[in-house]
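Student: The following block contains the structure, expressed as structure tokens.
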Amino acid sequence: MQRGKPCRALPTLKCQTFCQRHGLMFEVVDLRWGIRNIEATDHLTTELCLEEVDRCWKTSIGPAFVALIGDQYGPCLIPSRIDEKEWEVLRDHLTARPSDLELVARYFQRDENAFPPTYVLQAPGTGEACEPEEATLTSVLRSGAQEARRLGLITQEQWQHYHRSVIEWEIERSLLSSEDREQGATVFLREIQDLHKHILEDCALRMVDRLADGCLDADAQNLLSSLKSHITDMHPGVLKTHRLPWSRDLVNPKNKTHACYLKELGEQFVVRANHQVLTRLRELDTAGQELAWLYQEIRHHLWQSSEVIQTFCGRQELLARLGQQLRHDDSKQHTPLVLFGPPGIGKTALMCKLAEQMPRLLGHKTVTVLRLLGTSQMSSDARGLLKSICFQVCLAYGLPLPPAQVLDAHTRVVQFFHTLLHTVSCRNFESLVLLLDAMDDLDSVRHARRVPWLPLNCPPRVHLILSACSGALGVLDTLQRVLLDPEAYWEVKPLSGNQGQQMIQLLLAAARRTLSPVHTDLLWASLPECGNPGRLRLAFEEARKWASFTVPVPLATTAEEATHQLCTRLEQTHGQLLVAHVLGYIVSSRHGLSEAELKDVLSLDDEVLQDVYRDWTPPSKELLRFPPLLWVRLRRDLGYYLARRPVDGFTLLAIAHRQLVEVVRERYLSGSERAKRHGVLADFFSGTWSQGTKKLITLPLVGKPLNLDRKVAPQPLWFSHTVANLRKLKELPYHLLHSGRLEELKQEVLGSMSWISCRGISGGIEDLLDDFDLCAPHLDSPEVGLVREALQLCRPAVELRGMERSLLYTELLARLHFFATSHPALVGQLCQQAQSWFQLCAHPVLVPLGGFLQPPGGPLRATLSGCHKGITAMAWGVEEKLLVIGTQDGIMAVWDMEEQHVIHMLTGHTGEVRCVKIFAKGTLANSASKDYTLHLWNLLSGQEKFTIWDGGSKNPAEPQIWNLHVDEAHKVVYSASGSKINAWNLETAEPVFHILGDASDPWMCMAVLASQATLLTVSRDGVVSLWSSATGKLQGKQHMSSIKEETPTCAVSVQKQGKLVTGFSNGSISLVSSKGDRLLEKLPDAVRFLVVSEDESLLAAGFGRSVRIFLADSRGFRRFMAMDLEHEDMVETAVFGTENNLIITGSLDALIQVWSLSEQGTLLDILEGVGAPVSLLARGGALVASASPQSSSFKVWDLSDAHRSRVPAPFLDRTGLTAVSHNGSYVYFPKIGDKNKVTIWDLAEGEEQDSLDTSSEIRCLEVAEQRKLLFTGLVSGVVLVFPLNSRQDVICIPPPEARKAINCMSLSKCEDRLAIAYDNIVLVLDITSGDPCPVIDGPRYTFYTQLPETLSSVAILTDYRVVYSMTNGDLFLYECATSKAFPLETHRSRVACVEVSHKEQLVVSGSEDALLCLWDLQARKWKFEMSYTSSYCRGVQCACFSKDDKYVYVGLKDRSILVWSVLDGTLLTVQFVHAVVNRIIPTTSGFIAPTRHGYLIRENFQCLSAKASPQDPLKNFKKAMWMVKSRQREELVAAAGAPQDLESESAQGNETKSNKCSQVCLIV
């Protein structure tokens, strides 16, 4: 076949596509393509081809070798090297022929630097006529070898070196040398029928071997026949034979037979290669490769380590001292060790040797984990590093692997890592040693101010050893800022002169080389007293190439000069431009380049191609490629300086040495050259010139532009539905950014929903955010910031429900749609792309029609979570940049809120952390815990300064308080717990005094009044005690005069007034001082908390569902506002704003409310907490953090612009009593602060339009959309009806009994009936048309439930049937016309909603235990029952039927919406909307729904296929189970008393399959 065609023909492209779909990279290696014939058959090319064969077998998991054998045996080359003994045998036989001996001696020179000495073939001099002499030389050597073989002086294998062709050498190396290579090899044999009859014809001679005189080479033909027979005998399974009839123009491409043969050959190649790939993949799947990535990572570092320590020498004293230190530290807590020294000093070799000797140093059961950082993808960043270490340690110790919830967030992985180390320590058995070499090569450390994941103290039996470079890189300085113990740092010093010489000798011996005395002197003259192993290795790499008969160039004296010398040598050998571009591309890549990628990139580089084809033209007129042989030659000379790193399942090339990277940047990537390299890489990874797109080039010998196909690999985002193009995802943004193609970056990456979804699904939300963090600082684009913040807001949904397309598209569209018009360039395009995707989505999906999730630019800055239990304490540190949290399981975490990650894990406590106090300008923290210890921490370093046993009472029945006060002036910390008060010196941790109280009357409140040097306590019985804060001596004791028979519940000190404000169980607030006490206020309920502003001018008291504000005055405090700040649930905590113009309050219903004090208590915003009672609020500047003991998550809000109007402004409803009119234009809800009024909110304008006075508190709201009526149900029992077109008018419906509060109301679907439900009474009224407004008549019917339980929900039908439910779960159908009540099957808990279908044949009911039932009203039995179980489920909130009654839309209290098929009970889709939906109102193709966040959801439900699988949207749900039960149709028909007319029911759209089994969908 024509050379070059197989490697780039259509079949290989098909194989490439096939492999990409399976996550594999397909690389064709044909080193003889694109080069001149003289180079194709030289000795170096042959050697490189054989090396490539070995590389293919080592690398490939599928096809590794393909041979195309025709009727040519090929040329036989003479050996390029002859061993000394073999040379002597040949010389002895040539002694009788002096001219032959002289010829051989002229071409071969003895290299005594080889071991053993070798005779090396010399290239002919310039201008010499070498071909005749070479032919003679070949004949002479072959005859000498033949004679030596006949006499038995050389072996058959040695003889073959003179008689084998290049083809046979390659087949021997790849196939015949082993019996187990059938799986990856294929040999195509071409046999031409009757060729022997035409063998002497001129046209046939082109197909066979010829001698120099043009005659047939019979010996070559015999050897070819022997080779074919050998292949057939050893590996018949790899053979594919093609028999062609003889033809004079057989090899003419226009010959149909020839074309058919080529097509068949290509098809066979594709089938064979694909089969080999699939076979191997099945074997890997069978072997269980879930943790293949981990095993590959471990093997990589072990292999690297074994390579490094082969030439290790010296350091024995340092190893011994390190071993002694490890044994000394093994039984106690200690700091990590850091080995440091200049680059190249031998730190890596020492770390690898230490890992090898660890079993001897600490015992044979020691678990050792070694990572050579930066040599693989997972060891290049902290996220991958910690993940791999955690998995390896868990497997080694038999511990559970990190769950998916931990792996979803890097902060959780960090905390899991710290916890894992302590778990291993507590086993008290095997020691664990973690060795992390080259901290400088860890991306997250290189430019960081700290190392947030680094344990500052190692527990017993856990050791952490790091290495770092000293010098200008700064990583060692970073470590020294966090690891303060000077004993932790161990300097690695240079080798001695003797050790340096020993190292060189070891390297030479490993390479089977030596140095002559002259060369040895030259080497050491260039390296006087050099003990730097890196510099020695550079010298060795040069010296190993010295032959004994050459005079080498003197070596450079410094490492930098040696690296420049290396580049100069490479340029002289391979050309300056090629070396500059190859090294430039490798260094410019983000993670490295595979060999296939590098060859593709070079094929796109016009400068390189013009330089390569300066003296000859490429072999093809259709395509243009870079000749791969040129790269392989350069790769061989790079050798030791080239590293291979496993990344995403591929092997990537990178520069192994920092010094060479710096030199490459200096020599080849200065100025515009850097942007050019990134530009070509961007072209490659974007696929600009792939898939047949041709690129113009002008070659020197052609002189005109050529438009040629470069045949580079295509670069789609997805290779298949499940395999993403990870290389493109990771490299393209980086190269677009650094090539200056910023608009393309914004359009193709940051502004592409396809890119965002692919990156998010394949790499997770953190990788996606990393891309935006990489690019955003270089882009002056507010739109990029909006998208980045929107992605950050998506994190809770992704962590809760898993990353998948519909979730990501919904999240971004519902958050960014608000800005689509104002920011059309990027945000508008993203929204359009999302809408287009939804239109084509094949699965059932809810399609957002507008924004309804919290948009970027709002107050929420972050939602963060940790790998710990609920949060019990919280405080801000240095300049409001650090947030310290304490948890139920005793963990203290210090968060950097600028970078939003944990910087320290403080693990001293064993019990729940109850209090944290920050002082010393935010740099120190005191913490108190249920374990009765106090800890003092340095927040900057994360170090524990001391621990104090506080000696609290262990009596669980005794009331416990945890109160800390830090007196910085006197350097004393006071703690109160139970009946004991302690004072400790902050510097020495020595006790200052102890005060013991009366166990029968324990203290409930304690304060240190610094201005009076007094310590004040209030006991349970109201006894006030005064103590000296300096000595602890009692100064006085008295009973409170202002309080009788109340127990203290909370207190806060007011230092300026010298008073303790104390709250009591019956609502009293008292001011207590050393002079006595005074009643400040009597509240209606028990005081739940007291807080004062920073300047102590304001006081807030929480009681029941309200907060009252007081203003400081001369007597203490007075009431600040006439109105109280009200919540819908019990208030839990509060905090004042920076300038006392705000107060932020939190309540039991997980809501946070922001009030303006400068506007007399105006509610500015309602914020959603973490889904649990808001028990903790902490302010740091303009930032407010909220948390709860019931959640491991916390939120951080920026309230600096709380007074600024937000666009769009959400409606502020906290009751959930919302109604909607005018197709979602207006929302109605009880007015904030005055529930006797209805607020009318204009959604388009984002403001209140009007309000309606109801004169009584509102209990429920309903809107008759068609009749334009608003119904308000009141606590008084009255229903007021407001015509929406004339709101000044009102219709009053009186209650049946005085003061009976309304529970709920319902309108029939035609809006002609109204049902009003009280505790146990239901009124049914008629609504008829009238002028100017509808007329409400009745009540037409009134009935009593006659049950002890109260009504919870009601639904009315046009025919006067009523479906109602009770608080205990009972459900009834009542026929008003006959006064009959029919009990339906009971729910297991309170029914939250009952809704009737539009055709009034079905009813859906939902209960608080998340059980939904679909009822057939005619049969009065449920058709389908669906239950939902999850760790987040809190029951059903609301439901409705679609307009066509095909679906049921359900809002759950876990802040999600589901769609349920009425036809067969199938769960179609679930959507997480971040907020509880108050009600759902159907529209023509979907629904609208107001949420507790103040937004109106507008969505269409799209189900393109009637048989669409409902499984796909649910596959990523975590810890959730749906179960659907269906009742057999015959049972329903029998219950209804109707004939089983299947067609009639089918016409109603209610057909269901008989014998339908229960459906169970388990979502893990």
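Glycine residues also receive a Cβ, built from the backbone N, Cα and C atoms like all the rest.
Here's the feature list from Swiss-Prot:
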DOMAIN    335-661  domain 'NACHT'
BINDING   GLY341, PRO342, PRO343, GLY344, ILE345, GLY346, LYS347, THR348  ATP binding site
REPEAT    866-905  repeat 'WD 1'
REPEAT    908-947  repeat 'WD 2'
REPEAT    956-994  repeat 'WD 3'
REPEAT    998-1037  repeat 'WD 4'
REPEAT    1044-1082  repeat 'WD 5'
REPEAT    1126-1165  repeat 'WD 7'
REPEAT    1167-1207  repeat 'WD 8'
REPEAT    1212-1251  repeat 'WD 9'
REPEAT    1253-1290  repeat 'WD 10'
REPEAT    1291-1327  repeat 'WD 11'
REPEAT    1338-1376  repeat 'WD 12'
REPEAT    1425-1462  repeat 'WD 14'
Student: Is it the case that the repeat 'WD 1' (866-905) and the repeat 'WD 4' (998-1037) touch, counting contact as three or more CB pairs under 8 Å in which the residues of each pair are 6 or more positions apart?
Tutor: no
Student: State the count of C-beta atoms found within 10 angstroms of the C-beta of ILE345 (ATP binding site), not counting that atom itself.
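Tutor: There are 24 of them.
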Student: Tell me the Cβ contacts of THR348 (ATP binding site) under 8 Å, same chain only and six or more apart in sequence, or just say none.
Tutor: VAL308, LEU372, ASP437, ALA438, SER467
Student: Which of the three DSSP-derived classes (helix, strand, coil) applies to LYS347 (ATP binding site)?
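Tutor: Helix, per DSSP.
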Student: By a Cβ-Cβ criterion of under 8 Å, what residues six or more beyond either terminus of the repeat 'WD 4' (998-1037) are in contact with it?
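Tutor: Those are 953, 955, 958-959, 961, 963, 965, 967, 969-970, 972, 974, 976, 978-979, 981, 983, 992, 1043-1044, 1046-1053, 1055-1056, 1058-1060, 1062, 1072-1074, 1077, in sequence order.
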Student: With the cut-off set at 10 Å between Cβ atoms, which of these binding-site residues ends up with the most neighbours? Options: GLY341, PRO342, PRO343, GLY346.
Tutor: GLY346
Student: Limited to the repeat 'WD 8' (1167-1207), I'd like the whole-number average of pLDDT.
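Tutor: The average pLDDT of the model in the repeat 'WD 8' (1167-1207) works out to 86.
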Student: Taking the recorded ATP site as GLY341, PRO342, PRO343, GLY344, ILE345, GLY346, LYS347, THR348, identify the other residues of that chain whose CB atom sits within 8 Å of the mean position of the site's CB atoms, giving them in sequence order.
Tutor: CYS469, VAL492, ASN532, PRO533, GLY534
Student: Using DSSP reduced to three states, classify GLY341 (ATP binding site) as helix, strand or coil.
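Tutor: Note: GLY341 (ATP binding site) is in a strand by DSSP.
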Student: To see if you understand the setup: which same-chain residues, six or more apart in sequence, place their Cβ under 8 Å from that of GLY344 (ATP binding site)?
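Tutor: Same-chain residues close to GLY344 (ATP binding site) (Cβ under 8 Å, separated by 6 or more) are ASN532, PRO533, GLY534, ARG535, ARG537, ALA559, HIS657, GLN659.
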Student: Residue list, the repeat 'WD 12' (1338-1376) vs rest of chain: Cβ under 8 Å, 6 or more residues beyond ends.
Tutor: 1296, 1303-1310, 1312-1326, 1382-1396, 1400, 1403, 1405, 1407, 1415, 1417, 1420
Student: Do the repeat 'WD 9' (1212-1251) and the repeat 'WD 7' (1126-1165) come close, with at least three CB pairs under 8 A (pairs 6 or more apart in sequence)?
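Tutor: Touching, yes - the repeat 'WD 9' (1212-1251) and the repeat 'WD 7' (1126-1165) meet the threshold of 3 or more Cβ pairs under 8 Å.
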Student: Excluding the flanking five residues on each side, which residues at least 6 beyond the ends of the repeat 'WD 10' (1253-1290) place their CB within less than 8 Å of a CB in that stretch?
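Tutor: Sequence-remote neighbours of the repeat 'WD 10' (1253-1290) are 1217-1223, 1228-1230, 1235-1238, 1240, 1296-1307, 1311, 1314, 1316, 1318, 1327, 1329, 1332-1334, 1336.
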Student: Under an 8 Å Cβ to Cβ limit, what residues of the same chain, 6 or more beyond the ends of the repeat 'WD 5' (1044-1082), are close to it?
Tutor: 1004-1012, 1014, 1016, 1018-1020, 1022, 1024, 1026, 1035-1036, 1038, 1088-1092, 1096, 1099, 1101, 1103, 1108, 1110, 1112, 1115-1117, 1119
Student: By DSSP, what is the split of the repeat 'WD 1' (866-905) into helix, strand and coil residues?
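Tutor: Helix, strand and coil residues of the repeat 'WD 1' (866-905) number 3 helix, 22 strand, 15 coil.
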Student: Do any residues at least six apart in sequence from LYS347 (ATP binding site), in the same chain, have a Cβ closer than 8 Å to its Cβ, and if so which, in order?
Tutor: LEU339, PHE340, GLY341, ASP437, ALA438, SER467, ALA468, CYS469, VAL492
